[in-house]
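Colleague: Shown below is the structure under consideration.
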Amino acid sequence: MKRIKVISPATSANLGPGYDIFGLALSEPYDIITLSKSEEGISISLRGEGADRIPEDVDRNTAGVVAREIIKDFDIEGGVKIEIEKGIRPGSGLGSSAASSAGVAFAMNELFNLNLSKLELVKYASLGESISAGFPHADNVAPAIYGGFTMVINYNPLEVLHIPVDFKVLVALPDVEVSTKRAREILPDSIPLRSMVNNVGKACGMVYSLFKKDLELFGRCMMGDQVVEPCRSQLIPRYLEVKERVRDLVYGITISGSGPAVIILPRGDKVSQVEEIIDEIWGCPLYNTRVGLGIQVLERD
Ligand code: HSE
């Protein structure tokens, strides 16, 4: 194989009580990533949503770092040309950098026939996340690679659990900048024991609900976070107003990752009413999507 082209999807991390643990792969939006073997070195070119804000320098680019580490660890001779068409806005809370890191880890594995497991791909992809977030959190790269719903239950060593699921998701992307660094800094260093008990209980409810296919329970528990979402809601203007207005139309609503994207689980026949409210309050892009399957190969030759 000389070339591979993949779709690498947006992901929604945290989902309320699952801070740095839960993640959900989405069908849309996504990046399209093409890797071609080259004589030597790593080159990166970017276009699409917010591409002008992403460095093309290998050591400062999340995808570049992943390719560099894989080439080093596997003594790969020759180089690779990476072309990324961004469909996921950087800094959106939709795992934009994770999509690039995970897509490149996946594509390198295929292109050079490395036989890496999904867990090993998550490890490589998380290296890229260190560059963008300052911490190798895996809660976006895991669902990008596994698809469905994932739980990063341990970081060292890395352990990921996966549950395939499928349901409808709306994602609103308000026009406001929220840096992940700032969104992490405003969180408390320690929390009361009762908040921990609450959040663990709600997280358990969410996992149980997936086996029972009970979206009502999933959404109610997703909205029960008493630690992260209450702090971060101040970073997204009118978020609390949107939450209040859509309350009876959705199973659940919360901040996606570190924001500003907001993930909404609409009740079956209420999608257009939710869309109207989002349009009225934020007038922002809104993805009417589903849980996705993770990275998919588009072409190989
Ligand atoms: N779990 C991370 C956070 C995701 O919430 O900071 C960053 O998108």
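Cβ from N, Cα, C; glycine included.
According to TrEMBL, the record shows the following:
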- 65-148: domain 'GHMP kinase N-terminal' (DOMAIN)
- ARG89, PRO90, GLY91, SER92, GLY93, LEU94, GLY95, SER96, SER97, ALA98, ALA99: ATP binding site (BINDING)
- 206-279: domain 'GHMP kinase C-terminal' (DOMAIN)
Colleague: Cβ atoms within 10 Å, counted per site: which of GLY91, GLY93, GLY95 has the most, among these binding-site residues?
Modeller: GLY95
Colleague: Give the sequence-ordered list of residues that share a chain with ARG89 (ATP binding site), lie 6 or more positions from it, and have CB atoms under 8 Å from its CB.
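Modeller: Residues satisfying the criterion: PRO29, GLU49, GLY50, SER96, LEU173.
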Colleague: What does the DSSP secondary structure composition of the domain 'GHMP kinase C-terminal' (206-279) look like, as residue counts for helix, strand and coil?
Modeller: 46 helix, 11 strand, 17 coil
Colleague: Give me the sequence-ordered set of same-chain residues, not including ARG89, PRO90, GLY91, SER92, GLY93, LEU94, GLY95, SER96, SER97, ALA98, ALA99, with a C-beta within 8 angstroms of the centroid of the ATP site's C-beta atoms.
Modeller: ALA10, ILE88, ASN140, GLY257
Colleague: Does DSSP give GLY93 (ATP binding site) helix, strand or coil?
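Modeller: Reduced to three states, the DSSP call for GLY93 (ATP binding site) is coil.
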Colleague: Could you tell me which three-state DSSP class ALA99 (ATP binding site) falls into?
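Modeller: Going by the DSSP assignment, ALA99 (ATP binding site) falls within a helical segment, counted as helix.
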Colleague: Minimum Cβ neighbour count within 10 Å among the binding-site residues SER97, ALA99: which residue?
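Modeller: Counting other Cβ atoms within 10 Å of each of the binding-site residues SER97, ALA99, the minimum falls on SER97.
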